[in-house]
Amino acid sequence: MDTEGHSLPSASCGDGRKRRVCYYYDPGIANVDYGADHNMVPRRVAMAHALVEKYGLLADMERLRVRPATEAELRAFHDDAYVRLLRDITPDAYHDGDLRDRARACRVGVPDPNEPEAGGAGAYIYDNPVIDGLWDYCLRYAGGSLAAARALVDGSSDIAINWSGGMHHACRGKASGFCYVNDIVLAIQELLKHFERVLYVDIDVHHGDGVEAHFKRESRVMTVSFHLYDIDRRGDKFFPGTGKAEDVGEGDGKYYTLNVPMKAGMDDERYQQLFRPIMDEVMEKFAPDAVVLQCGADSLYGDRLGEFRLSVKGHAGCVSYLRSFNVPLLLLGGGGYTVNHVASCWCYETAVAVGKEKEISDEIPFHGYEHYYKDQGYKLHFTVPKKNGNKKDDLIDKIKQDALMNLAMLKPPPTTVGEHRPSKRHAINVKAHYDQNQDKKAKKYRCRREDDDPMERLHRLCGEADRYNFFTELGKRKMSGLVNTTPSDSK
């Protein structure tokens, strides 16, 4: 990780590397199921957490207390009618005609056989299915981002992490792109209660349209999105089809919106040729008091939906670079549909946050999910095949120049207005944010039963000897007809 240039001693650590990092993980999110054929798999967050725990990174962070958001907190951004829909809708209730119509108007539903699957209304509705526990899921991931934002507001942490957040497509009154509630908007609104200027940066392969739309007239929030803006594999506009370089905000927020649209195939080198000089200029001209980074992992090579070629280290380079400015930093998840790549990435970026990325092994440890990493050779850093061609091309120069020209139009940062800031930070109960289940002296986290992942628990119970052979032998016996697949009468 680079520490030159912008790295400054942290208030808590004088070496320019370590930061006070807090971490949010809610095990209830792992069991959410979008459906067997859906690309979104929330268990990827549990997989990332299992790696974080096994690499010993929990000892370097404060755990935030699990606290789902409240209905009132969601209404700070979302329409009342839409919030009520999310609260009331269930797979069974969806069959009610009135509720079904309301849901479909808000882009929530199940596929309709009478509508075309590709490009029709049914396509975007299926993106956001009516699933069991939908309301609870929305409250949980939004609560994580709010808790992380509050930890930055009260000054008790330098970096806050919620990998279950980052749902950047959700709009005020409708779902979009697998996102029901926009936790990012809620978190930024929370940060604005203390910080004068908040910078939002999005490295998901998809444009951060929902966040941009809400803040496009706002001068206290700057949004920067690095995304694919191209024709997808099916010949359609890549979702969501927004985010042109010419989209720069409106009214008082003009030029506080910056879009960096890219073509398919972006690799580490070319991505950083854009990211670093552009973000250098953004940090200098906007001078944010806090930064929110949406770390969507669908920009990684091999993603089921994305079409970029970033490695784990290339993706994490963005985290590392923004960390080096020593500004309060909120790290959120987002897209990412090849789940083993996602988990590898967010684990490594957690290590970057605490300054230990050079200390963790590339070998995936045994932890219950290790079989998911077979295709990447049980390595944390999967291989990205080399691609022939000139790394420095005219298109990169054009994209960069367009972005820098828009930044040249950015007005000086707005002056501090007293009423934007609370008069007393200590009005916040800092201790209420953190989980008291951590043994700081022993440098370990006492695992609670509800926090214990079933895969990890099974892994421990099976033991070292059975880890390699138990499921293989069971599969062989079943294939041979030796395993009784019906319930046995014997106890």
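First residue shown is number 1, and so on along the chain.
Glycine residues also receive a Cβ, built from the backbone N, Cα and C atoms like all the rest.
For 38-351, the entry in TrEMBL reads domain 'Histone deacetylase'.
The substrate binding site annotation in TrEMBL covers D127, G177, Y337. Listed in sequence order, D127, N128, H169, H206, F239, P240 are the same-chain residues at least 6 apart in sequence whose CB falls under 8 Å from the CB of G177 (substrate binding site).
The Cβ neighbour count for H169 (active site, proton acceptor), using a 10 Å radius over every protein chain in view, is 28. Look at TrEMBL and you will find H169 tagged as active site, proton acceptor.
What TrEMBL lists as divalent metal cation binding site is D204, H206, D298. Around the Cβ of D298 (divalent metal cation binding site), a 10 Å sphere holds 24 further Cβ atoms from the protein chains shown.
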Residues lining the substrate site besides D127, G177, Y337 (CB within 8 A of their CB center) are N39, M40, H169, F178, C179, H206, F239, L305, G335
Across the binding-site residues (H206, Y337), the Cβ with the fewest other Cβ atoms inside 10 Å is that of Y337
Other C-beta atoms within 10 angstroms of the C-beta of D127 (substrate binding site) total 21
For D204 (divalent metal cation binding site), the number of neighbouring Cβ atoms whose distance to its own Cβ is within 10 Å equals 26
D127, G177, Y337 bind substrate per the record; greatest CA separation between any two, in Å, is 13
For Y337 (substrate binding site) and D204 (divalent metal cation binding site), the CA-to-CA distance in whole Å is 12
